[in-house]
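What follows is a set of notes on a single structure, which appears directly below.
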Amino acid sequence: MRLFRWRVLPPPARTLSSVPAGVQSFVPACRTADSRSVELLQDFVSRASRLFVITGAGLSTESGIPDYRSEGVGLYARTDRRPMQHAEFVRSAKSRQRYWARNFVGWSQFSSHQPNCAHTALQRWEAGGKLHWLVTQNVDALHSKAGQRRLTELHGCAHRVMCLGCGAVTAREELQRRFMALNPDWSVEAAGVAPDGDVFIEDEQVLHFRVPSCENCGGILKPEVTFFGDTVNKGTVQFVHERLAESDAVLVVGSSLQVYSGYRFLLAANDRRTPVAILNIGPTRADHLAELRVSGRCGEVLSVIQLP
Ligand SMILES: [Zn+2]
């Protein structure tokens, strides 16, 4: 069995939180949310009967998965690496080899992350009939691991793999077994896991990594994830707009909404005069559209909100 040596990045200074030890190093520093704004959020949630929730990377940082943009701790702040671009992945066999080699190394850690108390709170809201629909921009499967069913994974899910030739979708776990069978003697040194499971390894380490193709058609395998530069499926966007139209309030949880694919639903909510609240650490692109903004950790705040 191969051994991976991990260089662990020193965690930034933290304030106390409800996050278990060892998984908080990617949560940006922040004060505990003030009690007045938590009360206002309680009122907001109580008034809603069909709540539409949109979540982002800020929810999963409390499970130990870094985000891209947070000050000091996000991937962009800590490294000069940038996420895979869709066109590059499709065009270049070398880029795919590099991507999959890193993804292979990061998989056992990335796939083992567990939902935190924010995910379980949202699942309880669904079970209690409060939450009408949840849209996530995360690809880490933590909402489905928490048992969320009224769920759209807007950018896909890293736990699934899609063939660009025939469209067949298979489990990422199955591809891991194929990687291991094809690369029995391959080993690397790696450091740091990205929000989509990518890790950082040197290009020369990648050269001998073998990437399998689709078992049905020999086509190119890609995570069933919307890479940067690609667009979200039109049918999915339409479906989410319909769920939004059926909702009477919108709550953003743990997203700066910098990516248009999520931000567009806030614009649509504004057009419909649907009230919006935002729970996030730091500013968001939709702050001017919200009647309420709560700055705080998702898990800490959501777990104190009561349902009637
Ligand atoms: Zn295929």
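Including glycine, each Cβ sits where the backbone N, Cα and C put it.
Quick caveat, the model's predicted, so the values are computed rather than measured.
Record features (TrEMBL):
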type: ACT_SITE; residues: HIS155; note: active site, proton acceptor
type: BINDING; residues: 56-76, 137-140, 254-256, 280-282, CYS298; note: NAD(+) binding site
type: BINDING; residues: CYS163, CYS166, CYS214, CYS217; note: Zn(2+) binding site
type: DOMAIN; residues: 31-308; note: domain 'Deacetylase sirtuin-type'
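Note on CYS163 (Zn(2+) binding site): other Cβ atoms within 10 Å of its Cβ, all shown chains, come to 20. Rounded to a whole value, the Cα-Cα separation of CYS214 (Zn(2+) binding site) and HIS155 (active site, proton acceptor) is 22 Å. Checking the recorded positions GLY56, SER60, GLY64, ASP140, HIS155, ASN280 against ligand 1 with a 6 Å cutoff on the Cβ atom leaves no residue at all.
Around CYS166 (Zn(2+) binding site), taking its Cβ as the centre, 11 other Cβ atoms fall within 10 Å, counting all chains. Here the candidates are the binding-site residues SER60, GLY64, ASN280. The one whose C-alpha lies nearest to that of CYS166 (Zn(2+) binding site) is SER60. Here the binding-site residues are CYS214, CYS217, and the one ringed by the most other CB atoms within 10 angstroms is CYS214. Here the Cα atom of HIS155 (active site, proton acceptor) is found 10 Å from that of ASP140 (NAD(+) binding site).
DSSP assigns CYS217 (Zn(2+) binding site) to coil in the three-state reduction, outside any helix or strand. Cα to Cα, CYS163 (Zn(2+) binding site) and ASP140 (NAD(+) binding site) are separated by 19 Å. Per-residue pLDDT, averaged over the domain 'Deacetylase sirtuin-type' (31-308), rounds to 91.
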